[in-house]
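*Asks:* Got a structure here, written out as C-alpha cells. Questions coming.
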Amino acid sequence: MSVPSVVQSVTGAKVERLPLARFTTLGVGGDSEVWTVQNHAQLAEAMSAPYRILGGGSNLVVSDAGVPERVIRLGGEFARTDLMPDPALSTPELLITGWVGGGVPLPGLLRKIQKLGYSNLEGTVGIPAQLGGAIWMNAGTRFGETFDGLHSLEIAAPDGKRTVTPDELHWGYRDSGIPRNHIVTRARLKLRPSTPEEVQTRMDAADIARKGQPKNRTPGCAFKNPGNGLPGAGQLIDQAGLKGRRVGNAMIAPEHANFIVNLGGASAHDVHALLDEIRAAVEVPLALEYELWP
Ligand SMILES: Cc1cc2nc3c(=O)[nH]c(=O)nc-3n(C[C@H](O)[C@H](O)[C@H](O)COP(=O)(O)OP(=O)(O)OC[C@H]3O[C@@H](n4cnc5c(N)ncnc54)[C@H](O)[C@@H]3O)c2cc1C
C-alpha cells in the first residue's frame, strides 16, 4: 500500500505523517498529517486547508484509519508559560498573569501555580488536557472549572485572530461557546493569592474524588450521566453486567464501568464494539462523553 506523502510547509511548520495513537491518552488512532506549529505564521498556513486541532488527546477516540484533515499541534510560542502577574491588570486580591500557551499541559501548569501559592484552578486537578483543550470545553469537576481562572484568551480562526474575555463568550457547563476549530492559542489566567499549602490541600480534596478511577490508558468517562434522577452511566453499565467485558485489548474497567481502557495494543474498532455493546444493553439512551475522530 502506498503511503500518502506530506506537503511541504512554506513557513517552516513541521509536517509529518504520524500515528495519532502517540498523542491520545487512550493510545489508539491511525496515521495522519500532523502539523506542529511554533508561531502565528505557521498556524495560519496550517489552517489554510481542512484541519483539526489536537490538544492533550484526552477526550478523543481516533479512528484506526486516522483522519483525512491536517492535525494541528501547538508548539513554540503556544507552549510557553508566563505566570508573572501583570502589574497593569492585577490588584492585591486578583492576579492577572502573562500569557500561557494553549499547548501547555494542564497538570504541569497546575503544579507551577500551586508552588507559587496561587488559587482558582485547583478544581481542575487530574485532568490530563492541554490548557487550550481544557478552555475549549471548560473542563472541570465539582470542585471547579477552567473558566474559574480565566481572564482573557486569544482565539485563532481562518479569518484571523482576536482576543476576548469570558463575558464575550456564551460559556457554561463543559462548554466555552467557542466554535469548533477556532483555536485557543493562549490565555491570561485570573488567580487569587493563597499559599502553596492551602492550594495543595484543595488539590488533594479534588484528587481524592478520583480514587477508584482506572490507571490504564483511557479517554476518561465514556458516557454522560443521564440525569433526571436516573443512576449514573457507570452504575447503569455495571447493572447491565458489563464490568470487565473485553473486546480485543479494550476493556470496560473493572474499577469503574464508565471507563473503557486500553490493555495494550487496543484498536478504535475494539473500543467502538464495546460502546455498541453498552448502548444495546443499557435501556436508557446514553450520550457519548468523548469525541470520535473522524
Ligand atoms: C483520566 C481522565 C480524566 C478526565 N477527567 C476529566 C474531568 O474530571 N473533567 C473534565 O471536564 N474532563 C475530564 N477528562 C476529559 C478531558 O481531559 C477533557 O475533555 C479535556 O478538556 C480535553 O482536553 P485536551 O487538551 O486533551 O483536548 P483533546 O482531547 O485533544 O481534544 C478535545 C476537543 O478539544 C479541541 N481542542 C483541543 N485543543 C484545542 C485548542 N487549543 N483550541 C480549541 N480547541 C481545542 C479538539 O479539537 C477537540 O474537539 C478526563 C480525561 C481523562 C483521560
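Using N, Cα and C of the backbone, Cβ positions are placed for all residues, glycine too.
According to TrEMBL, the feature domain 'FAD-binding PCMH-type' maps to 27-194. Per TrEMBL, active site is recorded for Arg174. Annotated region 'Disordered' per TrEMBL: 209-230, in sequence order. Residues or ranges marked as active site, proton donor in TrEMBL: Cys221.
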*Asks:* Going by DSSP assignments with H, G and I as helix and E and B as strand, what are the residue counts for the region 'Disordered' (209-230)?
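*Replies:* Secondary-structure composition of the region 'Disordered' (209-230): 0 helix, 3 strand, 19 coil.
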*Asks:* Taking the domain 'FAD-binding PCMH-type' (27-194) alone, what is its mean pLDDT?
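*Replies:* Averaged over the domain 'FAD-binding PCMH-type' (27-194), per-residue pLDDT gives 98.
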*Asks:* What is the Cβ neighbour count of the residue listed as 'active site' at a 10 Å cut-off, with all protein chains included?
*Replies:* 13
*Asks:* Checking distant contacts: for the region 'Disordered' (209-230), what same-chain residues at least six beyond its ends satisfy Cβ-Cβ under 8 A?
*Replies:* 24-27, 57-61, 126, 141-143, 236-237, 253-256, 258-263, 275, 278, 284-290
*Asks:* With every protein chain in view, how many other Cβ atoms are within 10 Å of the Cβ of Cys221 (active site, proton donor)?
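*Replies:* 19, counting other Cβ atoms within 10 Å of Cys221 (active site, proton donor).
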*Asks:* About how far apart, in whole Å, are the alpha carbons (Cα) of Arg174 (active site) and the residue listed as 'active site, proton donor'?
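*Replies:* Arg174 (active site) to the residue listed as 'active site, proton donor', Cα-Cα distance: 13 Å.
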